[in-house]
Amino acid sequence: ATTAPRIPSTRLALHHFDTSYSLHLGALWPSVRAGLLCEQKYGALLNNFAAADQVPQELELLNATDFISEALQKVQQWQRGAAAGEAARGCQEGSAEGRTVMQAEMMTQAVTSPLRCTSVSSKIKCYTFPRGDITRFRPARPDALGLLDYYLMDAASLLPVLALNVQPDDFVLDLCAAPGGKTLALLQTGFCGHLAANDISISRTKRLYQILQSYVPREVRDTVSVTSYDGRDWDQVKGGTFHKVLVDVPCTTDRHSAMEEDNNIFHKRRTKERQMLPMLQLQLLMAGILAAKPGAEVVYSTCSLSPLQNECVVERALEIAEAQFNISIHVEDLSHFRMLFQDTFSFFSDCRLGELVLPHLTANFGPMYFCKLRRM
């Protein structure tokens, strides 16, 4: 008897996405789908540890810009505009109602947002090409000491790190750290008092070691402890000890699943594993919450569009933290990220909790979901 031809995992993934994401994203889905199926866009995360002073100038000549410092400059313009508007309003007469509306707009745009926006680390520098520009970056080059000058990654992957807002001498946990891009970004802040980088996969942890060797000098590597625990058990190892925790969980990696047969979670043999993902994600997020000190901050992130892996996991974690551990969690508002980085990324405006970067043909980063929690 002939066996039926095996359906490619990528086709199974796309069928699944068409069924669920067309409902979730509605009219946006065809455009997001096109983005998922086209070449991904990258950013160049500058390595502050390398002697590569000429790199920013080289990238700027190619028309790339540091999207983070650009956004922070925009904040300063808003602040100056708000101050000018305030002065002008003092000199003008007008209807009380008109002044109130204008005042409300000014206050929202120029006071609330910039105050929150200034918490974004300007130490992290990542160059991207403008919307619609599909230029590729050259491969990274070593400096005189052998440290590579930049790390190529999906620029949207930096948003969870920026949201974490590491402060000087913070003890930081990266619970699912491999392959290491976000770990490297955390170190670029220069603020980690100690960084615990953990990943259950020993083979992926080797890749993490390679990245640290290639980008980070020994004296900084000595502040990082790399481990291969099951992240779900982390609270039994070191509970309640960290100021900042990043929980970047395994997920359906939607872009990879739509494009690559290799290691695809939609392979028939991995159906059970895929169905169990939200449970695994919930367990990891709970371990991250329990690893955080009271008052500490936790950022949960995925590279999936799925609300079952995103908002639903966060909502369930809030319930369990309260009911089983008597821990109150506050969900932080990250809407200023949408305004701050709208020139670089395409954001979904209807997330119940957190923020979601959507792939888009002119800004083909993501998907990247991130949500910030504070343990009270």
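Placed from the backbone N, Cα and C atoms, the Cβ positions cover glycine too.
Look at TrEMBL and you will find CYS303 tagged as active site, nucleophile.
Summarising the annotation, TrEMBL assigns S-adenosyl-L-methionine binding site to CYS176, ALA177, ALA178, PRO179, GLY180, GLY181, LYS182, ASP199, ASP230, ASP248. Counted within 10 Å of its Cβ, the other Cβ atoms near CYS176 (S-adenosyl-L-methionine binding site) come to 21, all protein chains included.
Among the features that TrEMBL reports, domain 'SAM-dependent MTase RsmB/NOP-type' is placed at 67-376.
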Checklist line | Rounded Cα-Cα span from GLY180 (S-adenosyl-L-methionine binding site) to CYS303 (active site, nucleophile), Å | finding: 15
Next item on the list: Enumerate same-chain residues with a sequence separation of six or more from ALA178 (S-adenosyl-L-methionine binding site) and a Cβ-Cβ distance below 8 A; give 'none' if the list is empty.
Entry: ASP199, SER201, ARG204, THR205, ARG207, LEU208
Notebook entry, point to check: For ASP230 (S-adenosyl-L-methionine binding site), what is the tally of other C-beta atoms lying within 10 angstroms of its C-beta?
Noted result: 14
Notebook entry, point to check: So what sits near LYS182 (S-adenosyl-L-methionine binding site) in its own chain, CB-to-CB under 8 Å and at least six residues off in sequence?
Noted result: SER157, LEU158, PRO160, VAL161, ASP174, LEU246, ASP248
